[in-house]
C-alpha cells in the first residue's frame with residue numbers, strides 16, 4: 001500500500017495471507033478485509049511498534065508533565081499557584097482524549113496514516129514553540145493546545161489499528177503498544193531535567209522535539225491499516241450506551257482518569273514540599289514510576305490474555321490503585337518516596353497497560369464483533385477520559401490549597417473515589 005489517501009480511494013480485497021495488508025481491486029464493488037485478525041506476523045507486530053512510538057511522543061510527553069509543573073512553578077512562572085499551572089497539562093489531556101472522537105471516526109474511514117503524520121507534526125511544532133515561551137498564556141497555547149491536538153489526532157488511530165490485527169493476543173499487543181507512553185514519560189522528563197542545567201530549558205525542549213520527529217517518521221514508515229472503512233459514521237454512536245456493560249465501563253474509566261493524572265502531576269511537588277527533597281532528586285520519583293511501568297504494562301497484558309481476562313485484570317488494578325492512594329498518606333521519608341514510586345509504577349503501568357486492551361475487547365464483544373465501530377466507540381471512551389483528566393489535576397490543586405498545603409484530604413478524596421468504580425462485567 002503506497003499512501004493511505006490512495007488506499008482509501010481504492011477498492012480493497014482481503015489478502016490471501018492474513019499477515020499482509022489488504023490488496024486493491026481493479027474492478028467491481030468495494031470489498032473489505034473481513035477475515036479474522038492475523039494475530040501475529042511482521043505486519044501485525046509492526047503496528048504495535050508504530051503505536052509504541054506514537055504513544056511515546058504523545059502520552060509519554062503528557063504524562064511526564066510533572067517535570068514541567070515543577071520547573072514552571074519554581075523558575076519560569078514563579079508566583080503562580082500550582083492549580084493554575086496544572087491547567088497547562090489538563091488542557092493537553094482534555095484535547096488528547098476528546099479529539100479522539102473525531103480521529104476515531106476518521107480512522108474508521110481509512111485515514112490512520114494521515115492522522116499519524118498530522119498529529120506527529122503538531123506535537124513537534126508544539127514542543128518547538130514551547131521552547132521559546134515566556135508567559136503563562138504562551139505555555140497554555142503551545143504546550144496545552146498544540147500538543148493536546150496533536151496527541152488527540154495521533155494516538156487513538158494507532159492504538160485502534162493494533163486492535164484490528166489481534167484477537168487472542170490483543171491485550172498483550174495493545175499493552176506493548178501503550179508501553180510507549182511509559183517510555184516517553186521517562187525519556188522526556190529526563191531530557192528536560194538533565195539537559196536544562198547544561199544547555200538551557202529552551203534547547204532541552206527542542207531536543208524533545210527532534211526526538212519526537214524521528215519517532216514519528218519511524219512509526220509512519222511501518223504503519224499499515226488493515227481495515228479501510230469508507231462508510232461515514234457519526235462522531236457519536238449513542239446506541240453504544242444501550243449496553244449497560246459499556247455504560248458502567250465508561251463510569252469506571254472516568255473515575256480512574258479523574259484520579260490518575262493528579263498523582264502523576266503532583267508527585268514531584270509532594271516530594272519537594274512535604275518530604276523536602278531537592279528538585280534534582282524529586283524528578284527521580286516520576287522517572288522510577290514511569291520506568292517500572294514500562295515493564296508492568298506487558299506483564300498485565302499476559303495476565304489478561306492467559307489468566308484473568310482483560311476486564312477482571314482492569315478491576316484488580318483499580319482496587320490496587322485505590323489502596324496505593326490511601327497508602328500515600330503514610331509516606332513521610334525519602335525511603336517511603338522511593339517505595340511509593342515503585343508501587344505507583346506497577347499499579348499505574350498495570351492500569352494503563354490493560355486499559356486499551358480492555359476497551360478494545362469490550363467494544364469487540366458489545367458490538368457483536370463489528371470492528372468497524374472500534375475507532376468510534378473507543379473515541380467516545382477517550383472523550384469521557386478527557387473530561388475526567390481536565391478536572392482531576394486542578395481539583396487536587398484546589399483541595400491542597402484549601403487545606404493549607406496539606407495533601408491529606410486530597411489523598412483521602414481521590415482514594416475514596418476509586419472505590420466507587422462500578423463493576424463492568
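Here the Cβ of each residue, glycine as well, is placed from N, Cα and C on the backbone.
As the structure is a computational prediction, the values presented were derived from the model and not from experiment.
Check TrEMBL against the ranges 13-39, 337-363 and you find transmembrane segment recorded for 337-363. The transmembrane segment (138-160) makes no contact with the transmembrane segment (398-420): fewer than 3 of their CB pairs lie within 8 A, with pairs spaced 6 or more apart in sequence.
Taking residue pairs at least 6 apart in sequence, the transmembrane segment (398-420) and the transmembrane segment (375-392) share fewer than three C-beta contacts under 8 angstroms. A contact between the transmembrane segment (337-363) and the transmembrane segment (274-296) is present, since 3 or more of their C-beta pairs, 6 or more residues apart, lie under 8 Å. The transmembrane segment (203-223) and the transmembrane segment (84-102) are not in contact, since fewer than 3 Cβ pairs between them lie under 8 Å (pairs 6 or more apart in sequence). Ranking 114-132, 172-191, 244-268, 274-296, 308-331 by CB pairs under 8 A with the transmembrane segment (398-420) puts 308-331 at the top.
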